[in-house]
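Visitor: Below is a structure I'd like to ask you about.
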Amino acid sequence: MKIVIANDHAAPELKFEIKEYIESLGHEVINIGTDSKESCHYPEYGEKAARMVAAGEVDFGVLICGTGVGISLAANKVKGIRCGVCSDTATARLIRQHNNANMIAFGARIVGSELAKDIVKSFLEAEFEGGGRHQTRIDMISAIENKN
Ligand code: RB5
């Protein structure tokens, strides 16, 4: 699969570690930065990655900031994006199985690198359970988006 990865200044080191790990799982990773610890604005990176996912240029997106929250909030403003913040592997699996999330976020100041790898692996290996009540609820989320 093709994965975009983006982060702010809180996470370049963890980003490189996660990028390498995702590649070791056999996926292609597109890194759109930042690669620096110099202060930057996470909405720019969250939006850019989200637009690539929404346009179908990549299959999934991985976002990292200090908490994972700010960058996920920005990504979720892009139509068609369902990004969940995860600090555990069960949530990472369930946001794929139930919410058909197309992006995942986590915090470099919250989770260690080994847990972050397990979180990403759980997300990438899980599949949407499809149809039924889960699809109904996703359609309801899209309907909210379409009211804006
Ligand atoms: C940057 O200092 C920090 O606010 C950011 O990485 C993130 O945690 C925001 O949600």
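Using N, Cα and C of the backbone, Cβ positions are placed for all residues, glycine too.
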Visitor: Among Asn31, Asn99, Asn148, which residue does TrEMBL annotate as binding D-ribulose 5-phosphate at the site that also has Asp8, His9, Gly66, Thr67, Gly68, Val69, Gly70, Arg109, Arg133, Arg137?
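Guide: Looking through Asn31, Asn99, Asn148, the residue TrEMBL assigns to the D-ribulose 5-phosphate site is Asn99.
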Visitor: Identify which of the following recorded positions, namely Gly68, His98, Arg137, place a Cβ less than 6 Å away from any atom of ligand 1, and list them by sequence position.
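Guide: Listed by sequence, the hits amount to none.
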